[in-house]
Amino acid sequence: MDCHTKETLGVTQWRRSTMLTLSLLYAITPADGAKEALEYKTWTNHCGLAATLRKVAGGVLTKLKSHISYRKKLEEMETKLRIYALKGDGVGEQKSAEILATTAALMRQKALTPEEANLKTALKAAGFAGEGAAAVSSYLMTLGTLTTSGSAHCLSNEGGDGDGKDQLAPKGCRHGTEADFDAGAGPAESEVADSGFAQVPGKQDGANAGQANMCALFTHQATPHSSQGIYITGAQTKPSFGYGMLTIGTTDQTIGLKLSDIKGKQADSAQKFWSSCHAAVKAAQDMKADPALKVDQTLLAVLVASPEMAEILKLEAAASQQKGPEEVTIDLATEKNNYFGTNNNKLEPLWTKIKGQNIVDLAATKGSTKELGTVTDTAELQKLLSYYYTVNKEEQKKTAEKITKLETELADQKGKSPESECNKISEEPKCNEDKICSWHKEVKAGEKHCKFNSTKAKEKGVSVTQTQTAGGTEATTDKCKGKLEDTCKKESNCKWENNACKDSSILVTKKFALTVVSAAFVALLF
């Protein structure tokens, strides 16, 4: 390529660059004709929409946090109830605490189902709102930069006699900030109506015209590459801003999109984004926040009144009767009164005991304790629950070992009784030869032929002890039997009972044995 050719190309490129610069300058240079700046109310309404959309993320965050708080409070109460049920002293209160804890667990689990849907709703709303706010702010902030020292501008002020760009940020057209994503109240009902975004009614033609001879941006130009203005002819060449928020219809004539009735217009490509944006934002606005809960007797009352409590009480009844839930009916009011008192009058005393329950302080030195009500961290509560579950399990293991030992001792005692000794003899002659045994030819199925004979033992002068069915003992040399009431009462070893004189030592032994057995079974309960 020779020098002349290079010089020619350089000049050509300079001319193109110069023409592009001039065309941008022409767009904001006053000239003959209308060339109006954008009317104040039009563009500030659009900025107001951006401000509304900036609130969406904070609003949905507040609702999501309410869902998390709701479940955490239920978990805190549930865990405290279970710890108390493991550690508390009252059997009846332990049962009530378990029922309340199970109800809280069911409520917490049910809350997860709508929460999953709410997460998607929140994400869509924040995404559409953020994009919409950026689309509006971007186009208007760009128009705000098209100004020259007071002689030209594209955004009219409120009075229609000057540049309004200084009102962009105050009216809502700004860059996004971290504060936009802090929890907040969200848009008001008046801002996001069921039919659309109420603050953008849409305006056309002259209604959007501001101060004249200030902005040639919206002016038609058949040769925009060499003259100020843009090419506006036909459906394919109608420039728009902000995803269709503002469209240039003909020279110096703009159309503001009507958003107050944008609902359900996704099928229209020109309105699809804003209709979808409204649908997403409205869904988030309709999303319900969970009520704030306080972990005290008021939450216990919420549990009692919940539909989940009715489910749990019915399951309790079905389990106790070994039937299916559909096979049983309960008197709900009666069941609630039994567990929680008339008008829930047992709840406050129960909560007082729960929060005042002494528990081990896992973070302190050995032997340190604190009250259960002082613990609010659910992770620490779960550790405490695991601790007391293990303690309770070990105590039950020791109790079971004691019961087994008692049962073995009782079995050994029964195995050494005269009756059992006689039962071991299988031959009639040997049985009858024994001083305390007799052979019975006719016996019931399963019974032994050789049995203990207390009369024979008495006659032979043998003093033996016979184990009773209840585990007690009866002396065969009963000196009280057959005595009259007056004589019986005078004897130190006799007692008048059920119109007969009985050996008091037998009664004492029986009662002692029954007491041991009863104690063993009571121990099983704990």
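Yeah, the Cβs are placed from backbone N, Cα and C, and that goes for glycine too.
Per Swiss-Prot, disulfide bond is recorded for C47-C173, C154-C215, and the stated evidence type is similarity to another entry. Under the heading N-linked glycosylation site, Swiss-Prot lists N453. Look at Swiss-Prot and you will find D503 tagged as GPI-anchor amidated aspartate. Swiss-Prot lists 157-193 with the feature region 'Disordered'. Under the heading signal peptide, Swiss-Prot lists 1-33, citing experimental evidence as support.
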Run through the Cβ atoms and count how many others sit within 10 Å of the one on C154 (disulfide bond).
28
If you run through the region 'Disordered' (157-193) with DSSP, how many residues end up as helix, strand and coil?
11 helix, 2 strand, 24 coil
C47 (disulfide bond): secondary structure state under DSSP, collapsed to three categories:
helix
With every protein chain in view, how many other Cβ atoms are within 10 Å of the Cβ of C173 (disulfide bond)?
27
